[in-house]
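First the structure, in the form of structure tokens, and then the observations on it.
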Amino acid sequence: MPLSNRRFNHKIKHALEARETQGLYRQRACLSRADQSVYHQGTSLLNFSSNDYLGLAQDPAILSAWQEGLTLFGAGSGASPLVTGFHSAHKALEDQLADWLGYDRALLFNSGFSANQAVLFTIPDKHDVLIQDKLNHASLMEAGLLSPATMRRFAHNDLSALTRLLHQTNDKFPSINPLVITEGVFSMDGDLSPLANISEQCSQHDAWLMVDDAHGCGVLGDKGRGSCDLAGVKADILIVTFGKAFGLSGAAVMCNNDTAEYLIQFARHFIYSTSMPPSQAHALSAACRLIQSDDWRREKLHDLGYLLFENVESSIQLVDTHTPIKPLIIGDSHKALSVSNALKAKGLWVSAIRPPTVPVNSARLRITLTAAHTEQDIKRLATTLNEVINDE
């Protein structure tokens with residue numbers, strides 16, 4: 001075997017062994033799903049790790065819309081959007097999103113990851129400055145690091161730190177308009193970005209604001225319009241993803257006309273990717289309608305969150321949030337896995353989230369509630385958490 005092959009094999013083996021020793025080794029679980037439960041190796045477990053916040057992933061109206069879309073448009077789009085992959089269902093969804101969220105345009109992508117990276121790889125150049133919250137999603141951080149622009153980071157939700165960076169950028173690069181990037185809801189902590197204050201700072205320092213609202217759109221704001229609506233601000237660029245509250249997959253970049261056209265001309269993630277199936281876009285249109293009409297889903301999420309905190313013992317360090325994401329910080333990765341497995345043994349699926357997804361020594365259980373859960377489900381979760389945590 002050539003030396004280069006042995007070197008790669010050694011590197012891979014060493015990295016895997018190190019990750020396992022650190023309690024950070026990740027494995028996929030092959031699951032099937034029905035309602036709010038998952039089935040693993042023949043066992044039914046109540047699922048508290050899904051991002052299907054509004055319970056739309058298995059809603060009959062969404063399933064019917066996708067089946068209708070298959071009949072109308074076939075299985076796949078057949079090409080990238082600039083060839084023959086842009087269909088009437090895609091156009092209808094883009095127009096619907098733009099009207100609902102108050103933007104000139106919506107541009108569809110296959111994932112939130114690709115939408116974020118398309119924006120940050122395409123719009124900034126080497127003369128620009130990106131300013132990001134330190135807890136932003138990996139897709140944003142990776143794109144910032146690989147972007148030709150200069151990237152600066154500020155401590156999580158720290159307005160003073162953001163203001164200092166904006167002042168420094170304005171002083172050092174007076175002709176540059178910085179791009180400030182944050183999430184609306186932070187996926188691992190469930191907390192909200194102080195968008196009203198951030199937007200004010202952006203206005204004062206002539207900066208653009210980009211908000212990734214993957215976990216806020218559909219859940220927060222009037223008719224589910226998201227974190228920006230809740231805060232009363234309009235981001236220059238808004239990222240909406242469809243793998244959470246929409247119950248499907250994909251994403252859209254919300255922006256003005258010129259920005260949309262710029263991305264169409266220059267964003268490689270857009271130009272060189274096959275479009276999402278038009279049947280999927282048809283189903284997403286149905287999801288968008290339900291999100292706007294079904295206020296009861298958001299009201300139920302609020303009530304279930306309150307019920308959980310009513311029933312969990314005060315000694316348990318469950319973080320109260322205004323979102324369906326309820327983190328329980330454990331700290332040690334091995335212990336987080338142990339607690340997760342103990343819950344699994346009692347019929348609850350609650351995933352342990354460990355570094356590098358979260359900072360070192362902040363491993364946690366990421367508990368998520370959905371509108372598909374019942375009050376009985378929440379009481380069972382609380383009772384089991386009380387038992388398991390007290391036993392640890």
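Cβ atoms are placed via backbone N, Cα and C, with glycine included.
Values in this document were obtained by computation on a predicted structure and should not be read as measured data.
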Recorded pyridoxal 5'-phosphate site member, picked from Thr163, Thr169, Thr241, that accompanies Gly112, Phe113, Ser187, His215 in Swiss-Prot: Thr241
Close binding-site residues near Lys244 (N6-(pyridoxal phosphate)lysine), where close means Cα within 10 Å, chosen from Arg26, Phe113, His137, Ser187, His215, Thr357: His215
Residues within 8 Å of the Gly112, Phe113, Ser187, His215, Thr241 Cβ centre (excluding the pyridoxal 5'-phosphate site residues themselves): His137, Ser139, Asp212, Ala214, Ile239, Gly243, Lys244, Ala251
The one of Arg26, His137, His215, Lys244 whose CB sees the fewest other CB atoms within 10 Å, among these recorded positions: Arg26
Candidate nearest Thr357 (substrate binding site) in space, where candidates are the binding-site residues Phe113, Ser187, His215, Thr241 and distance is Cα-Cα: Ser187
Rounded inter-Cα distance in Å - Gly112 (pyridoxal 5'-phosphate binding site), His137 (substrate binding site): 10
